[in-house]
Amino acid sequence: QRKNPFSNDDRLACKPVHTHRGDPTYGRPPEGSRTEQRGKDAHSHVEKEVEELCLIIRSTGEVGEDGHVSVTFGQLFETYVTISNKVVGILLRARKHGLVHFEGEMLWQGKDDDVIITLL
């Protein structure tokens, strides 16, 4: 449509055709677009879920000798699964942000129930 001489839509003609990897807008939705707003809303929703997960770890876990609160994955799974079915994904996001620590790449219900999750 950008190259169509019969198109009457000026919005298509004024947008850049390609962005390159060095461009700060590369891989980002247009500023002010609904897509950008949906992304921001999703990001804030996930942040709230991470905060809620940390609160649940703090309330259900036990304080260790090092002063950090720890809980087993099995106990956390049983508690958190009634709130959200995304417990593993939220745990991975929390670890990415340095809020929790646990061994292994992925946690599986049943197999990793004894893995200790520590709130940092």
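Yeah, the Cβs are placed from backbone N, Cα and C, and that goes for glycine too.
All annotation found in TrEMBL is predicted automatically rather than curated by experts.
Quick look at what TrEMBL annotates:
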- 31-46: compositional bias 'Basic and acidic residues' (COMPBIAS)
- 44-120: domain 'Costars' (DOMAIN)
- 1-46: region 'Disordered' (REGION)
- Please spell out the DSSP helix, strand and coil residue counts for the compositional bias 'Basic and acidic residues' (31-46). 13 helix, 0 strand, 3 coil
- Could you tell me the mean pLDDT over the domain 'Costars' (44-120), as a whole number? 92
